[in-house]
């Protein structure tokens, strides 16, 4: 919440689809603005892609599990692409190699449909968002009431609040609680709670498409954190109190402990209904994650920040959406999810990458706001005397989790249990810093054109206005170069 409050204050002062990437430039000294926005942009891009990966891959897992309830379906490559085996044996073999598992095929389908929604359904995203809010609120409430009411027995408060389970050991190995300490298990266990509260900068990325952006984006950030925290706490308590057999739940044949709780409490038909509620919530989250992801990529591309930026810095005149970055987001998320096919902890690594990447991109502008607090011009939403200590607390927390979430989560550590978050984060650091020193520092200026456009009252998400401004800016640039040549 400290991070969200600090971001909400900055968002109110600088509402824009660029989000943290834009804020880093605005809050820096002029000579440092380009570098700050460059590093922030790359970390935000990494986090955005990883968040989409985590949400949509989890959705695909739940869909595959739900399809096994009340049917003979088994999530295998054969059942996933069996239609092709009767068409051509060689085609079947090729597709089997490409797809790998049913879940990867379902994952691709989930991302594809979410991409279509963001491409052709952009005009109804506002209505889908309202549906999503009610789906989460009513769905979570109904789910918890159902499992608590129908549970044959309910666990004690002592079991829920006092029993400590260390699940970090695999293949008979001791967990980190015994090898290191229970405190270490608690620290790495924070990951899932912290990951759940990522992506709230989506409110900032969508500000250019809302009314009263200086307040709506800030309120959206705070509401996203607060509502998620309350509903999430409510949901997890309901699930824990409804566990019937702990060992049976953890080692469920469905592969999903949550699904087993549903089966044990409301039966198979009821479990199907509850799984639909969960899948729907995940699907909505993934859809809007792509929305936020594509807006960030578009903002970064229009300033030349990503390879192929001239191709990706386009908004569809017909659909009023950055269609090309929508599909770039889907593609990158699918690629990042591929390691999950061969590693039992890759999903946890993806969540680590998402959390670290996003929170570092949040931390940079917040830290700059602290460093240059004397020049910060507040917007309608501000924290007054609490502003500075809240920002300090937010930066300290981000530094802590950025270290904690690259630590190994499973014991023993081998090729299958390695937390490869450090690899992904290291690649982004090496590329962003290395490419900056080699090339980008010579030409990358950050979101300068966007700042100028917004100062002129131009809606950069309106294709007509944006293209008109681009032409004017290009003509002015040519004029300046020509005049310089004449003077020489």
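Just so you know, glycine gets a Cβ as well, placed from its N, Cα and C.
In TrEMBL this protein carries:
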type     : residues : note
TRANSMEM : 42-63    : transmembrane segment
TRANSMEM : 106-127  : transmembrane segment
TRANSMEM : 133-149  : transmembrane segment
TRANSMEM : 221-243  : transmembrane segment
TRANSMEM : 271-290  : transmembrane segment
TRANSMEM : 323-341  : transmembrane segment
TRANSMEM : 347-368  : transmembrane segment
TRANSMEM : 388-408  : transmembrane segment
TRANSMEM : 420-439  : transmembrane segment
Intrachain residues whose Cβ lies under 8 Å of the transmembrane segment (42-63), provided they are six or more past its termini: 19-21, 103-104, 106-107, 109-111, 114, 195, 198-199, 201, 255-256, 259, 275, 278-279, 282-283, 285-286, 289-290, 292-293, 296-297, 300, 305-306, 329-330, 332-334, 336-337, 340, 347, 350-351, 353-361, 364, 424-425, 428, 431-432
Beyond the flanks of the transmembrane segment (347-368) by at least 6 residues, Cβ under 8 Å: 3, 6-7, 10, 20-21, 23-24, 27-28, 36, 39-41, 43-48, 50-51, 53-54, 57-58, 191-192, 194-195, 198-199, 201, 336-337, 339-340, 391, 394-395, 398-399, 401-402, 405-406, 409, 418-421, 424-425, 428
In contact by Cβ distance (the transmembrane segment (221-243), the transmembrane segment (106-127); 3 or more pairs under 8 Å): no
Per Cβ pairs under 8 Å, the stretch of 133-149, 221-243, 323-341 packing most closely against the transmembrane segment (271-290): 133-149
Sequence-remote partners of the transmembrane segment (133-149) [C-beta within less than 8 Å, at least six residues beyond its ends]: 227, 231, 234-235, 237-239, 241-242, 261-262, 265-266, 270, 274, 277-278, 280-281, 284
Within-chain partners of the transmembrane segment (221-243) [C-beta distance under 8 Å, separation at least 6 from its ends]: 1, 4-5, 7-8, 11, 136-137, 140-141, 143-145, 147-148, 151, 154-155, 159-160, 193, 196-197, 199-204, 249, 258, 261, 264-265
